[in-house]
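Q: First, the structure itself, so that you have it in front of you.
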Amino acid sequence: MSNPVVLNLHLISDSTCETVAAVARSALEHFKSVEVNEFVWSCINSYEQIDKIMLTIEKDKYNFIMYTMFDDDIRKYLKQKAGIHEIPCIPILSHVIREISCYLNIKKDPYINTSIGLDDEYFTRIDAINYTIAHDDGQNLWDIDQADIIILGVSRTSKSPTSIYLAYRGYRVVNIPLINSIELSVDLSKMKNKLIVGLTIDIDRLIEIRRARLVSMKNQNNYGYVDYEHVLMEIRETKRICAKNGWPIIDVTQKSVEEIAATIIQYFTKMQH
């Protein structure tokens, strides 16, 4: 088997890097065979900072820069430095801004406030992240009634990364693993005004993921974890529980975390109305 292509992806912004990171990760979903080393450079607003970034870049590797930069002089300097080292340097918003400017025949603002505001939305997001981390993998269910969303599923169905992604969007999430022969410690059927959703996956894909997990943990002797009949029983039980309670179930086999989260948000929004 040939070695995967390794890409050093440098995300540069004069703000938080949230926008450029979201675009970059969505784009890289189309290149599953590429191994990405992500470097995040936020709050970059001086020539000196750009010089330091360039010094850290290993020039003999595959490097790629994606950025958002609103100061024209700093942006030109970044492009110049990247060009000297023959590193692709892509502005993710320039084309969109230019198209809007041309269509409306209005020049873009010379300056926008890119500072991180500590507003209510910020604190809501931080609270959601803290809550979700504390309730990962079925922990601390004593205050599960404070959750917005409850995610169920067998092991390795992207429950945790999906929960964190949703938390970053401001949702308080609990994720609970479904394990054969072990009953849930809480009665979810009595939960009111909570979105409860199950995650399922193709059995062959799940076994493949679990085998890789066992190898990484050097625990290949855990045969039950990857036994076909055992795994099939787990998946069927998840579907049975969700069907019995009328909870939606999402097949995550061909979905990214972003796609899973988007589907859950659609269910949540529909429930709210």
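Using N, Cα and C of the backbone, Cβ positions are placed for all residues, glycine too.
Pulled these from Swiss-Prot:
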- G153, V154, S155, R156, T157, S158, K159, S160: ADP binding site (BINDING)
Q: Determine, for the ADP site, the additional residues of the same chain whose CB lies within 8 Å of the mean position of the CB atoms of G153, V154, S155, R156, T157, S158, K159, S160; present them in sequence order.
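A: Close Cβ neighbours, site residues excluded: N175, P177, L199, I201.
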Q: Find, for the listed binding-site residues R156, K159, the residue with the lowest Cβ contact count at a 10 Å cut-off, counting only other Cβ atoms.
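A: Among the binding-site residues R156, K159, the lowest count of other Cβ atoms within 10 Å belongs to R156.
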Q: If you draw a 10 Å sphere on the Cβ of V154 (ADP binding site), how many other Cβ atoms land inside?
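A: The Cβ of V154 (ADP binding site) has 22 Cβ neighbours within 10 Å.
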Q: If you count other Cβ atoms within 10 Å of each one's Cβ, which of the binding-site residues S155, T157, S158, S160 has the most?
A: T157
